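Q: This structure is in structure tokens; I'll ask about it shortly.
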Amino acid sequence: MKILTVEGVNKSFGGLKALNNVNFSVEQGAKHAIIGPNGAGKSTFLNCMIGRLAPDTGTVMFGDISLTGMKPYEINQVGVSRVFQTPEIFGDLTLLENVMIPSLAKRDGEYALHPFKRMEHDAEIRDKAMHMLEDVNLENKRDMTASSLSRGDKRRLELAMCLSQDPKLLLLDEPTAGMSRADTNKTIDLLKRIGDRGITKVVIEHDMHVVFSLADKVTVLAQGTIIAEGKPEDIKGDPRVQEAYLGGAHL
Amino acid sequence: MLGLNKKDTGLFLFVLALIVFAPFILNPFPESSDLARFNAGYPDLMQRFVIFGIFAIGFNILFGLTGYLSFGHAAFLGVGSYAGVWMMKLLTVNIVPALIAAIVVAGIFSLVIGYICLRRSGIYFSILTLAFAQMSFALAYSVLTPITAGETGLQLSLADPRILEAANASGTIPAANFFGLEMRSGFDWAVGDWVFTFNFGYYLCAVFMLIAFYISIRIFRSPFGMMLRAVKSNQQRMGYTGLNSKPYMLAAFVISGMYAGLAGGLMVAVDPLAGADRMFWTASGEVVLMTILGGVGTLLGPVLGAGMIKYFENIFSRLNESDLNALFGFLPDFIQAPLVTVAQMFVGDGWLMTLGLMFMLIVIFLPGGLLEGVQRLGALVSRKKKTNEPSQPAAAPAE
């Protein structure tokens, strides 16, 4: 069963055609990577899925729900979470609060005005948040302000925030960009672990090491068009992919 | 206690004590001393302390938690005042209907303005709120004169219907009261050379401030408060986390508008006169200053800031040359004369300069406001105490 179906998506910025008639689908439970050289339109593509950008034409279907025209919070409420290229966290809040907010959003919906409810009495949310922080090994820093974390920790925190919502589809935009090799490997392990929870993942990635460790299917995007799709091993040897990446130089 | 944790209970009791003992705390100098002119323990000023305290507490719920800087909150205060006076004119001089109307009308008004202004954020939001407040101000002076009485200000008159009250044959306008207890009633208590004034109007306003403060603590500690802080921190992320920030923002805006309405209602309860100048942009700016001066986003800060600005406005602005001469009278003449000349620039009409300087100093050196200053002092004291003890983890900053 397909969890995400993108059909005929076009997106232009002025004269630049960022996405050119993209058709794309993701199987339920798949670990799908989107790769491509800089400026290929990967992030634009993700932004069109999540409601940050509206595609000029085309449809994005999540199961049988059309995501086109929906607001970001509505898209999240149906079960799509996203990890950003630069970690988007609540910098002024503590780690625990950072993880409690998405759990509250999941449980209480897009808004719930409880001006008199006491946060510390909400054991369910609190325990879940603690559990999520343990999952990403940040439980000892739970009372720290999130902005004081290192970049790698911020990414792990953001991942915990997304996972605490038990999303059906998790979109990851370069989850290891700017990380040291050690941090990258830790993140890969973490992502592998959550793979067992049945969350469908779509990863945008530059780092081939990450792609081949994580994905079971790879889509290659270049100049706004999908040029190849298949198993990681097949993609590796595809001449079109090498051309797109290396500009036609011979290896 | 009351659903507050230990730290917040302490804070609440501290404010309670401040309020109850204000007549003593604000009158530290004996009547006959030169310093008596720095006494602030008279009913009019004490009422202003707590009323503006309420205004600032409410403003802080919006500005402190969400970071949305409204430059038009005085409009809600003004609307509350007008609603209050109208209730006293139409129904009764008992202040209860006046206060309820002030809160409700300001709430509805802020719902409308908030709905429109919150479509934008940052500087555009501030400008929109400013524009709305100035518009209300201009309307009150022009088209709405039948409701607002324009420049004269809306006040009680003998001919008012006051339908809930028995016929009044005394020939005077009845005084504002709370179920028979007049707002201006009270007594003086002389102890030696000190005179302490206890005023019913002040204590009634103080009870309202205490309730306002309590509600503000609960909001700060609730999931709602956490979401408001999330708005300030990263509104984008909120959206991608499945949260619609609009209802939260609007609720915060309306709550702070209702606080302003309550403050406006109390202002007319202690002095039944409502003028449009209460809505002028400087009045909106004043509450911004109070909040920043005291400490944005802290619980106690706005109360301190409001007290400080009102103290300067009322005490420093009244000092004149002869006061200064008396104050510096102990100095030799050749020092006294230049000192008085310099000091004169900062008192009387120059009090705004004092305020401006203080504001600059605090913003530069204590970005967290007066409360940060208090905390730093506290930290300094406890560090000195602890030199002999093993080091302990630093206390979390009190709010």
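Note that Cβ sites are derived from N, Cα and C of the backbone, with glycine treated the same way.
Sharing the features that TrEMBL gives for it:
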| type | residues | note |
| --- | --- | --- |
| TRANSMEM | B:12-29 | transmembrane segment |
| TRANSMEM | B:49-71 | transmembrane segment |
| TRANSMEM | B:91-116 | transmembrane segment |
| TRANSMEM | B:123-144 | transmembrane segment |
| TRANSMEM | B:200-220 | transmembrane segment |
| TRANSMEM | B:247-268 | transmembrane segment |
| TRANSMEM | B:288-312 | transmembrane segment |
| TRANSMEM | B:324-346 | transmembrane segment |
| TRANSMEM | B:352-374 | transmembrane segment |
Q: Does the transmembrane segment (B:12-29) come close to the transmembrane segment (B:200-220), meaning at least 3 CB pairs under 8 Å for residues 6 or more apart?
A: yes
Q: Per the definition of 3+ C-beta pairs under 8 A with sequence separation of 6 or more, do the transmembrane segment (B:288-312) and the transmembrane segment (B:49-71) touch?
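A: In contact, yes.
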Q: Between the stretches B:123-144, B:247-268, B:324-346, B:352-374, which wins on the count of C-beta pairs under 8 angstroms to the transmembrane segment (B:49-71)?
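A: Per the Cβ under 8 Å count, B:247-268.
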